[in-house]
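Q: Take a look at what TrEMBL says about it:
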{"type": "ACT_SITE", "residues": "A:K78", "note": "active site, charge relay system"}
{"type": "ACT_SITE", "residues": "A:S159", "note": "active site, charge relay system"}
{"type": "ACT_SITE", "residues": "A:S183", "note": "active site, acyl-ester intermediate"}
{"type": "DOMAIN", "residues": "A:24-472", "note": "domain 'Amidase'"}
Amino acid sequence: MHPTDFTLRGAIDALNEGVISSVELTQAHLDAIAALNPRLNAYITVTGERALEQARASDARRKEGLTGPLEGVPLAIKDLFCTAGTLTTAGSRILGNFTPPYESTVSANLLRDGAVFLGKANLDEFAMGSSNTTSASGPVENPWSRANDPDARLVPGGSSGGSAAAVAARLALGATATDTGGSIRQPAAFCGIAGIKPTYGRCSRFGIVAFASSLDQAGPVARTVEDCAILLKSMAGFDPKDSTSADVPVPDFAAACARGVRGLRIGVPKEYRLEGTPPEIEALWEQGLAWLREQGAETVEISLPHTQYALPTYYIVAPAEASSNLARYDGVRFGLRAAEPGSDLRDLYERTRAQGFGAEVRRRILIGTYVLSAGYYDAYYLKAQKIRALIKRDFDEAFGNVDAIVTPATPSAAFGMDEKQDDPVKMYLNDVFTVTANLAGLPGLAVPAGLDAQGLPLGLQVIGKSFDEETVFAVGAAIEQAAAFTALPRLRAGA
Amino acid sequence: MSLDIATVRRIAALARIRLEEGELAQAQAELNGILGWIEQLQAVNTEGVEPMAGGGAVALRPRPDAVTDGGIADQILANAPDRQGEYFGVPKVVE
C-alpha cells in the first residue's frame, strides 16, 4: 500500500503502531505533490522543508510518548487561513506578498494537536467562486475526468477547490476549508470526498481572511466522514479572539459516526426538487433516503417555503459584508500598492483596488456597496436580512419534527473549466442546495454517494440542527457505509 | 430598477475602485443582470419580521475593556508597502 492511500484514521493508526513515521508519510505526500501539483495546481505554496521539520519534531515527540490526536499527520491548509511566517494570499493579487506575523486559531489548534502542514491550498479569490477559476494563482483542475471525454479539464468546485482536489488526488490526508455559501460542500461533492461546514460559531474565524463574516465558517475536507469528524474535533472550540465563537463543549464527533440512524426522522424538503435537476441526482437522492430507511430511519416530507429566495438573499448579504470587510485592502498597511507618480491618496486607493482585485471580487464589492448605499439600504439589505430570518424560521419549524435533513449536495456534477464563465448568475446557482445552511447558521455535510453516467462523483448533503453535528455525522456515515463509494479519480498519487 | 452609467460611476467611487471609461458599460450590464435577478425578493411578504443580523444563535459577549497586546510595531509594519520609520507612508495629504 502506498502511504498516500491511507485514510486519516488509517494513518493515525499506522503511526501509532510504528508501521510508518511522520517523516516517511510527509515525504510521500511531498513527492506526490511534486509529481502532480504542476498539473492540478491544488497548492499555491508548498512548504516542504518546514513540513519535514515538523514531521521530525513529531517523530521525536512520539518517542517521548507525547502524541497529540493528529500527531504527525500531513494536511493542506486553505490559503485563506493566516499561517505565521508563511505566505497567505487568499488567492488574490492584492495579498500576493502578504506573510502574516500571526497564526489563525484553527491552524494553531491543528498544530497544537501535532499536525504537519504541507502547504497552502489554492482557492477562488477571497473564497468568492464555485469553480476555483478566479484565483490569482490560476485555476485548479479536478483530478476526476469524464469517462467518455477524459481530455476535458473539469473544475474542482469552489471556493475550496485546492483543498478538495489535493485530498481527492492524495496530495494530503485532509485539508482545512471554509464555507460561506457552499465552498466546502460543493467542491467536496465535485471531487468525491466528504466535507462539513459546522454550525456558525463552532470554529473560530480569528485569522481567517474575512469574506462575509455572518456566513463564513471553517471546516475540514477529507476522504471519509470519520476523517472529517477527527479533524473538526481539533479545529473547533471556543476562542475569545472571535466575538462570535460559541462557548460550548466540543463533543467526540468521531464516536458519533458509529451511532447509526435507527429511530431518526429524516426530513426531505419538497422545495429542493428543482426543475432541471438531472434525473441521476434525483435518483441518487431517492437511493440515499432508501439506504437510511433500510438502516432504521424514517423519512418525512417537509416544507422549507422560502428556499427559492435563499440565493438572491445571499447575493445581497454576502456582497454587502464583503464590501465592508474588503475595505481594509487600501495599499497602505499591507499587500499590493499601485500608484502613479503624482497619485494622491484617493487615486492610490482606487488604482490599488482596481489592479489588486480580480473581476468577480470587484463585481461583488460594487454590488455590496450599492445595496448598502444611502437610499437603497432598506430596499435591499434590510429586506434580505428579513428574508434571512424567514429562512431560518423555516428550518426551526422543520426541526421541530425531524432530526436531520437530507438533500442533494449540488445541482450537477463537476463541469468543464470553460463552462458557466459568461454569466455570473449561472455560476451562483451552483450553491442552490448549500446556501440555506449558511444563512441559517446550521451544520451541513457533503458525502460522496455515487457516480453519474460519465463516472463523475455525486454527493448528498446532510443538514442538522444548530450544534448537533453529531447527528449529521451519524447520518453521513450511514450514507457513506451504504454507498460503499470506492471509485477513484484518474489523477492521483500512486496511480 | 436598473442602474445608469452615472450610478455605476458613483458606486465605483464609493467603493474606491477605479473603473476606466471603457469598463463602465460592461460593469453596468453585469450589475444590472445581478440586480434584476435579486429583484424577485420584493415579492416576499416581510411585514413584522425582525431582520436577522448575525449568523449565530449565541448572543455577543462583553469583554473587559483592557489592553491585551501592544509593543509589536515591527510585526504590524512588516508587510507595509511603504514603511517610513515607525509609520506607514502615504502620498502627501495636507498641503
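Glycine is treated like the rest: Cβ placed from N, Cα and C.
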Q: Using Cα coordinates, what distance in whole Å links A:K78 (active site, charge relay system) and the residue listed as 'active site, acyl-ester intermediate'?
A: 11
Q: Can you work out the mean pLDDT of the predicted model over the domain 'Amidase' (A:24-472)?
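A: Result for the domain 'Amidase' (A:24-472): average pLDDT 97.
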Q: To the nearest Å, how far is the Cα of A:S159 (active site, charge relay system) from the Cα of the residue listed as 'active site, acyl-ester intermediate'?
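A: The Cα atom of A:S159 (active site, charge relay system) is 5 Å away from the Cα atom of the residue listed as 'active site, acyl-ester intermediate'.
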Q: Under 8 Å Cβ-Cβ from the residue listed as 'active site, acyl-ester intermediate', six or more apart in the same chain: what's there?
A: A:D124, A:A127, A:S130, A:G158, A:S159, A:S160, A:A177
Q: Tell me whether A:K78 (active site, charge relay system) sits in a helix, a strand or coil according to DSSP.
A: strand
Q: Counting across all protein chains present, how many other Cβ atoms fall within 10 Å of the Cβ of A:S159 (active site, charge relay system)?
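A: Result for A:S159 (active site, charge relay system): 35 other Cβ atoms within 10 Å.
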Q: Please report the three-state DSSP label of the residue listed as 'active site, acyl-ester intermediate'.
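A: It is coil.
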Q: For A:S159 (active site, charge relay system), just give me the three-state DSSP call.
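A: Where A:S159 (active site, charge relay system) sits, the three-state DSSP reduction gives coil.
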